[in-house]
Amino acid sequence: MSDAPKTLPSCLDAPVLRQRGQREVFCGLTSIIWLHRKMQDAFFLVIGSRTCAHLLQSAAGVMIFAEPRFGTAILEETDLAGMADAQEEIDRQVERLLSRRGDIRRLFLVGSCPSEVIKLDLAKAAERLSAKFAPRVQVTNFTGSGIETTFTEGEDTCLAAMVPALPATEARQLMLVGALPDVVQDQALDLLARMGVTDVTVLPSLRADDPVAVGPNTVFALTQPFLGGTCAALERRGARHIAAPFPFGEVGTTAWLRAIADEFGVSDAVFAAATDAPRARARRAIAQAAETLAGKSVFFFPDSQLEIPLARFLTGECGMTAIEIGAPYIHRQLVGPDLDLIPAGPQISEGQDVDLQLDRARAARADLTVCGLGLANPLEAEGLATKWAIELVFTPVHFYEQAGDLAGLFSRPLRRRGLLKVAAE
Ligand code: SF4
């Protein structure tokens, strides 16, 4: 008999329940809300319908205090009697915008789902406008259509669209990929610098002039699990992906940093010196919130593609049990390392047939159900505690210093429900 320790089966090998049906998820236009904050000299011009304009205005308009950096060119059927007219209309709108706004250095033409827009060749429009306004403004197109993208995939299609235009480099460097809040990005760069990894570039960059290049000696680490298209685009440019669990919680952050440290030959002593103190802080902060979470069950509806790494965090670091972990798409190359850290047991599901999944959630009656806004209210009315998945994208949750806040996002609805129960008794 072999003395090798037996490893427990993980979710990496678990069967996946694949469902295709009606789904309840925001479209990719939603990602403009955080992308426009990140890329400070960019403008997002949505080529869409009044519905798209309403979505952006109601979801994001309230957050704009200065000159807005996104808008909607509304195309209606009458505009589209001829496609040539529509192309001219886009040109007119872009010219008007760029003549008024000298601060815009990157312009994104964002496609949406009305059939009139689908028929438009936005790639051609971007090419034509790029040639016209280069080098002052770079024009790129990507899709945020609800037919093709869920809300976080808008970031993926945006970043993937930027990759082909990046300058080439032979430099040995690390690229961090994903739009993080500035303060969180600074923490990540600081941790890497303490490990001696200083040739670091970030996609997306804050400003068009920030040097971001890619080539065969670039290795890249994703900070978000929904960047499958961007990952493939970078690989096509010769860069190599560093596979790792995502940097959520103490364990995820350490594993993510460890994978980079191994790539750059960082010694154990240097790694420990860089990470020991923040690891201890993260563990303490998680332990506090985990008092409420330990022993509780969680059910994930598919929404942000953060579900698998977050389930790994909640089960591995907060003592929760996952009943179902649903994700809109499962990129195994990206989330495989997280799946491998979740012991077999939960149902892994990909895609959605919302009524069937609601039946499963009602039967499971998990202590906490993580879902989109549209499902949360009805489920709350049925007595289930819920967490809005979209909050997880808008709140700083990565790396050590946010680990306690991340656990707190899940413990708060449970504590609130506990207090309401006590008050009702
Ligand atoms: Fe609606 Fe499609 Fe516009 Fe999104 S892109 S707001 S789903 S019409």
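Cβ coordinates are placed from backbone N, Cα and C, and glycine is handled just like the others.
It should be emphasised that the depicted structure is a prediction, and the values quoted were computed from it without experimental measurement.
Sequence annotations record features per position, and here TrEMBL assigns [4Fe-4S] cluster binding site to Cys27, Cys52, Cys113. Look at TrEMBL and you will find 34-383 tagged as domain 'Nitrogenase/oxidoreductase component 1'.
Location within the structure of each feature annotated in TrEMBL.
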| residue | record | Cβ neighbours (10 Å) |
| --- | --- | --- |
| Cys27 | [4Fe-4S] cluster binding site | 23 |
| Cys52 | [4Fe-4S] cluster binding site | 25 |
| Cys113 | [4Fe-4S] cluster binding site | 20 |
Check: same-chain CB within 8 A of [4Fe-4S] cluster site center, minus Cys27, Cys52, Cys113: Gly28, Leu29, Gly48, Ser49, Thr51, Leu55, Ser112, Pro114, Gly144, Ser145, Gly146, Ile147
